[in-house]
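Residues or ranges marked as Mn(2+) 2 binding site in Swiss-Prot (evidence: similarity to another entry): Asp274, Asp285, Glu476. The Mn(2+) 1 binding site annotation in Swiss-Prot covers Asp285, Glu435, Glu476. Marked as region 'Disordered' by Swiss-Prot: 641-660.
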Amino acid sequence: MEVLDATGLAERLRWEDNDYLLHLKAETSFDKYPAKQHARRVQAELGVEDGLIYLPGQPARNNEDSDMPAPFRQRRYFYYMSGCDEPDCHLMYDIRRDVLTLFIPRIKPERVIWNGRGSTPAEALAKYDIDQVHHSQDLAYIIQNWAFKHQNTGIYILHPSSRIPGCDNLMPRIDSHSLQPAMNLCRMIKDDHEIKRIRKANDISSQAHREVLANIQKYKNEAQVEGLFMDVCISRQAKQQAYDPIAASGPNAGTLHYDANNEDLAGRQLMCLDAGCEFELYASDITRTFPLSASWPSKEAENIYNLVQRMQETCIERLEPGVRYLDLHIMAHQVAIDGLLRLGILCNGTREEIYKAGTSRAFFPHGLGHHIGLEVHDVGQAELMSVRRGKPVYQQAPSLYPENFHDPVYDSETCHAPTDPQSSHLEEGMVVTVEPGIYFSVYALQHFYLPSPIHSKFINLEVLERYLPVGGVRIEDDILITANGHENLTTAPKGEAMLDMIRQGKPGTTDVLIPSPTYSRRMRSENNTPRLCAPGISKNTLRPLLTPLARAATLPTEFRQQDDFDFEPTVGPSLFSGFSRAMTTEEKIQQWKQKRDSVPVALNRPTKAKSLSPVCGENTPNVQHVYMSTASDLASFSQLSAGSGSTPLWKPHNKQDKKN
């Protein structure tokens with residue numbers, strides 16, 4: 001296609017008196033996936049000026065012991081640098097020459113008859129953002145020829161187990177450790193093309209959630225909910241789900257990744273629907289929890305929903321570049337503890353005491369969220385969340401909380417990225433989920449938390465039993481971090497808007513998708529809303545919505561509402577001794593003490609706890625039962641053993657244990 005000299009054309013037409021109609025026809029798409037741009041970003045992260053990157057695509061294969069083809073799912077690292085969603089392909093990038101080469105299989109007649117043909121070299125060159133196309137059978141020859149001409153340069157592959165077909169002699173020159181971290185750093189920051197696809201996936205999934213809300217009163221089984229959601233997505237050309245849908249009703253919602261989706265809805269209070277589609281390989285991840293009728297079935301269900309919604313809104317409000325995500329995870333636990341204390345589920349302690357014991361994990365056991373992109377749990381683990389080059393401004397912003405303050409509520413096995421102790425700060429272009437939840441897992445409560453003296457003293461059994469039928473509540477949105485704050489890409493309704501849709505039975509316009517709302521902190525800065533200057537948080541951070549209990553001394557001074565006593569007394573123990581208390585005066589201390597004494601916090605005290613059979617089944621009086629999982633449990637156990645006259649005994653749980 002010839003290049004149009006627009007400048008020269010405009011100069012010539014300037015002297016003409018007639019009007020001209022210019023018709024342009026493009027032979028290729030203007031909206032190609034930016035594979036070449038991604039390749040250059042990876043090279044910049046590798047920090048090398050010469051070398052070769054090799055990535056294999058996913059081969060076509062059959063199901064095990066079957067002649068039926070397995071569902072094809074392209075390898076995400078390969079796709080990130082190629083934009084090619086065809087099987088049996090390979091990719092090579094010559095770093096010094098800046099040449100991106102795609103290798104595709106030859107077209108075979110039997111493949112065309114049964115499965116249709118793939119792209120020809122000319123079609124692939126027009127379709128993908130690449131420089132050259134060759135057939136796969138030429139891969140070994142081309143790489144060997146390149147290696148012969150570049151004797152002292154490295155070849156980069158993704159994994160130590162990866163190999164280049166026909167190039168085993170090149171193994172001493174292969175670097176299998178540098179490429180994946182470099183690609184992960186690139187994949188965490190989404191470009192405009194990627195954001196467009198994630199937004200589209202969110203729009204389709206949000207419409208599917210609306211359809212479910214509008215029809216939920218008609219349905220009798222979880223399978224119908226799953227079926228409708230997938231039907232809406234497929235009809236909008238989003239044929240792949242980012243993960244297996246979770247349509248959990250009643251107690252099933254207490255299982256985080258429940259996927260049976262086959263139980264009747266009769267007698268259940270709530271449905272937790274966690275489902276999101278893929279659009280052109282990019283994922284969405286949305287959760288809505290809603291009643292199965294036109295109103296809240298119980299006050300307990302409404303209370304838990306409102307608490308989870310408050311947890312989510314409090315955390316989303318603070319998302320912007322420079323914020324440490326783990327701080328928001330901690331904050332979500334503190335909001336949860338406040339709410340559970342008010343409801344009487346937690347008791348006999350302050351927020352600080354309950355937090356330090358880790359008891360809130362009985363009800364909020366997972367991380368606040370994760371990256372989302374080509375994978376629903378996208379790249380961004382601990383070693384990849386370090387402060388990036390070129391972002392020195394964040395290096396001077398420490399965590400909002402003291403070192404290791406996350407220990408009681410963080411578990412590396414269950415809290416996925418970016419909720420990680422080594423996480424640094426959110427950056428513009430990241431897309432993360434915010435998905436707090438409150439769950440009532442009967443198994444976890446009976447087998448760990450209630451038998452443990454560390455946790456059981458804070459749990460009111462009588463009140464807890466009233467909340468067990470709720471099952472669980474989770475609310476999840478996908479959030480884009482922008483230069484000025486954040487944008488919520490998820491448009492599925494929540495709260496009153498959600499209830500109205502259930503009552504009306506109308507999902508809204510199905511052909512025109514509702515645009516995503518945009519939130520900008522710079523726009524909000526024009527009003528007189530007071531702002532914070534807490535360590536680790538930008539000066540543009542808005543004042544939170546928290547209203548902590550009067551006696552709780554768990555949040556920094558800056559996180560108290562202004563119409564409350566905006567200070568923390570200097571007397572007594574505090575986890576925040578490093579924080580300044582500029583507003584603390586003797587007069588305010590006296591006011592705080594008077595208010596504390598005149599309006600004491602009413603905490604529900606449990607009646608005599610029901611006797612529980614220990615997990616091991618041993619009820620002998622001289623056997624001391626202690627249940628441990630964290631470092632704090634072990635420390636408490638050591639103190640308990642040292643101060644008691646009895647000797648802790650381990651008892652086998654079954655005959656097999658006795659043999660061992």
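A Cβ is built for glycine as well, from the same backbone N, Cα and C atoms used for every other residue.
Comparing Glu435 (Mn(2+) 1 binding site) with Glu476 (Mn(2+) 2 binding site), their Cα atoms are 4 Å apart once rounded. Long-range C-beta contacts of Asp274 (Mn(2+) 2 binding site), restricted to its own chain and to partners at least six residues apart, with a cutoff below 8 Å, comprise Pro245, Ile246, Ala248, Asp285, Ile286, Thr287, Arg474, Glu476.
Note: the Mn(2+) 2 site is recorded as Asp274, Asp285, Glu476; in the same chain, Ala275, Gly276, Ile286, Thr287, Thr433, Glu435, Arg474 also have Cβ atoms within 8 Å of that site's Cβ centroid. Excluding Asp285, Glu435, Glu476 themselves, the residues of that chain whose CB lies within 8 A of the CB mean position for the Mn(2+) 1 site are, in sequence, Asp274, Gly276, Ile286, Thr287, Gly369, Thr433, Val434, Arg474, Ile475, Asp477, Asp478. Within 10 Å of its Cβ, the residue among the binding-site residues Asp285, Glu435, Glu476 with the fewest other Cβ atoms is Glu476.
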